[in-house]
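Trainee: Pasting a structure below so you can have a look.
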Ligand SMILES: N[C@H](CCC[C@H](N)C(=O)O)C(=O)O
């Protein structure tokens with residue numbers, strides 16, 4: 001077998017955090033390459049690579065790195081907790097540092113190695129209706145929708161429902177209608193959370209611009225915030241998602257989260273693929 005041509009090829013990493021999977025392009029030291037067309041083509045699981053989110057690492061701007069996130073429908077994701085964990089784990093392993101800063105459209109995030117695990121501070125939640133954003137001045141703690149959900153922003157919008165049995169929720173049926181409800185002018189990610197104890201939540205997610213995923217880091221943060229504000233849990237929880245467990249801690253300086261990450265492979269996009277965009 002002959003090797004694929006490498007000249008003009010674009011290297012990328014495939015990583016995942018709890019089965020929330022990412023294509024990560026490292027553009028440090030050169031021009032950024034992501035675009036809606038690249039996100040859609042690469043996100044096609046049949047003709048591209050497939051991912052829940054595409055992330056591009058760029059040179060820092062008053063930070064160690066800048067990170068941009070895209071969904072597979074070509075839209076931008078303002079935050080992606082699990083891709084941030086994956087990239088931080090990669091960069092911290094590369095540099096040997098024990099902490100780093102990451103600039104996203106949300107602001108400056110911090111990644112810290114603690115007890116062999118990478119923790120990310122996703123910042124303080126956005127709790128005002130116009131920051132989430134919602135379409136009008138309603139109480140985010142009790143959104144005017146059936147099921148009495150909570151609206152929370154983590155740099156991207158989330159709508160968190162508390163349910164008796166998260167496993168029984170038909171995500172494909174319930175998710176799309178909420179995602180595009182007019183209450184959310186930029187659409188929303190949708191979480192279904194079952195509080196099993198003051199430090200234990202089971203959560204399943206429908207993501208804006210992507211659909212069902214096995215985990216969502218920003219959604220996990222939003223779920224902890226919603227549960228805490230409703231008085232259902234303390235500030236520190238373990239959360240079981242379809243892809244596994246995360247640990248979250250809402251501290252004075254923001255919502256911190258940690259969990260496993262994996263680098264699956266590194267490969268290159270061919271000039272043919274890139275030329276057809
Ligand atoms: N999987 C990501 C969130 C993607 C959110 C994206 N679907 C949007 O806001 O448009 C996470 O781990 O936080």
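Positions of Cβ are set from backbone N, Cα and C atoms, glycine also.
All annotation found in TrEMBL is predicted automatically rather than curated by experts.
TrEMBL feature annotations, pasted as is:
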ACT_SITE  80  active site, proton donor
ACT_SITE  80  active site
ACT_SITE  216  active site, proton acceptor
BINDING   20, 53, 71, 81, 82, 156, 189, 207, 208, 217, 218  substrate binding site
Trainee: Between residue 82 (substrate binding site) and the residue listed as 'active site, proton acceptor', how many Å separate their Cα atoms?
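Mentor: That separation, Cα to Cα, works out to 6 Å.
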Trainee: Per the record, substrate is bound by 20, 53, 71, 81, 82, 156, 189, 207, 208, 217, 218: how many Å separate the farthest pair of Cα atoms?
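Mentor: Taking every pair of listed residues, the largest Cα separation comes to 17 Å.
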Trainee: Taking the Cα atoms as reference points, how far is residue 71 (substrate binding site) from the residue listed as 'active site, proton acceptor' in Å?
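Mentor: Taking the Cα atoms only, residue 71 (substrate binding site) lies 13 Å from the residue listed as 'active site, proton acceptor'.
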Trainee: What's the number of neighbouring CB atoms sitting within 10 A of the CB on residue 208 (substrate binding site)?
Mentor: 26
Trainee: What kind of secondary structure is residue 71 (substrate binding site) part of, going by DSSP in three states?
Mentor: strand
Trainee: Quiz question: given the active-site residues 80, 216, which has the greatest number of C-beta atoms lying within 10 angstroms of its own C-beta?
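Mentor: Sorting the candidates by Cβ neighbours within 10 Å, the top entry is 216.
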Trainee: Other than 20, 53, 71, 81, 82, 156, 189, 207, 208, 217, 218 themselves, what residues in this chain have Cβ atoms within 8 Å of the centroid of the substrate site's Cβ atoms?
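Mentor: So the additional residues around the site are 52, 69, 77, 79, 80, 83, 205, 210, 213, 216, 219.
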Trainee: To the nearest whole angstrom, what is the C-alpha distance linking the residue listed as 'active site, proton donor' and residue 218 (substrate binding site)?
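Mentor: Rounded to a whole number, the Cα-Cα distance is 6 Å.
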Trainee: What kind of secondary structure is residue 20 (substrate binding site) part of, going by DSSP in three states?
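Mentor: Assignment for residue 20 (substrate binding site) reads strand.
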